[in-house]
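Participant: As annotated in Swiss-Prot:
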BINDING   101, 102, 103, 104, 105, 106, 119, 127, 128, 129, 148, 162, 174  dCTP binding site
SITE      116, 117  site 'Important for bifunctional activity'
ACT_SITE  129  active site, proton donor/acceptor
């Protein structure tokens, strides 16, 4: 079930959803707007010949901090990591979905490339996968509305929520734009093992 503004407000009051800092003006009819921090991770395109998700590549990205009164210019075809200002914490019976803002989508800004789902039990700032598919550069201002979170009630609380020892929760407690940790617990099925 998708939560309405009434349900989101009640979940905030009951601390089933925790948003820090919380601004009541960010509450929408069925979502909560989130804002862009001033930290970005840029890809070092000349450091590696390719990206290998199975291997650690610590120098693949570098952290950049933009002054509060300055914009970060995202060029056409460029892909960077950003972060929300807000730290988001979810109870074991709520999940969330990150969606872009319609007005920014109409300018060619992608807020996330594929990873818009936030598991129950997650706590941390949300890393944004920002891409410019327009033909002109886009200015990204720290503090601007960058997306919205929709919240969903689970049919029952998760037995092993994000952050539990059973899950490979690589990003629990993340602060700022967090580079990929895909090499940790990397899984690749062997076709002979799965009967293909």
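Every residue gets a Cβ built from N, Cα and C, even glycine.
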Participant: Go through 105, 116, the listed recorded positions, and name the one with the sparsest Cβ surroundings, counting other Cβ atoms within 10 Å.
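Facilitator: Checked 105, 116; of these recorded positions, fewest Cβ neighbours within 10 Å: 105.
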Participant: Look up residue 103 (dCTP binding site) in the DSSP assignment and report helix, strand or coil.
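Facilitator: The three-state answer is helix.
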Participant: When the Cα-Cα distance from residue 116 (site 'Important for bifunctional activity') is computed for each of the binding-site residues 105, 148, 174, which gives the smallest value?
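Facilitator: Ranked by Cα distance from residue 116 (site 'Important for bifunctional activity'), first place goes to 148.
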Participant: Between the Cα atoms of residue 117 (site 'Important for bifunctional activity') and residue 105 (dCTP binding site), what distance do you get, rounded to the nearest Å?
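Facilitator: Rounded to the nearest whole number, the Cα-Cα distance is 18 Å.
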Participant: I need the CA-to-CA distance for residue 105 (dCTP binding site) versus the residue listed as 'active site, proton donor/acceptor', whole Å please.
Facilitator: 13
Participant: Report, in whole Å, the straight Cα-to-Cα distance of residue 129 (active site, proton donor/acceptor) from residue 119 (dCTP binding site).
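Facilitator: With distance taken Cα to Cα, residue 129 (active site, proton donor/acceptor) is 17 Å from residue 119 (dCTP binding site).
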Participant: Hey, which of the binding-site residues 103, 148, 174 is the loneliest by Cβ count within 10 Å?
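Facilitator: Looking at the binding-site residues 103, 148, 174, the Cβ with the fewest others within 10 Å is that of 103.
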Participant: In sequence order, which residues at least six apart in the same chain have a CB under 8 Å from the CB of residue 128 (dCTP binding site)?
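Facilitator: For residue 128 (dCTP binding site), the qualifying residues are 36, 81, 82, 83, 84, 98, 111, 112, 146, 147, 177.
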Participant: Out of 101, 117, 119, 129, which of the recorded positions has the smallest number of neighbouring Cβ atoms within 10 Å?
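Facilitator: Per-residue Cβ counts within 10 Å for the recorded positions 101, 117, 119, 129 bottom out at 117.
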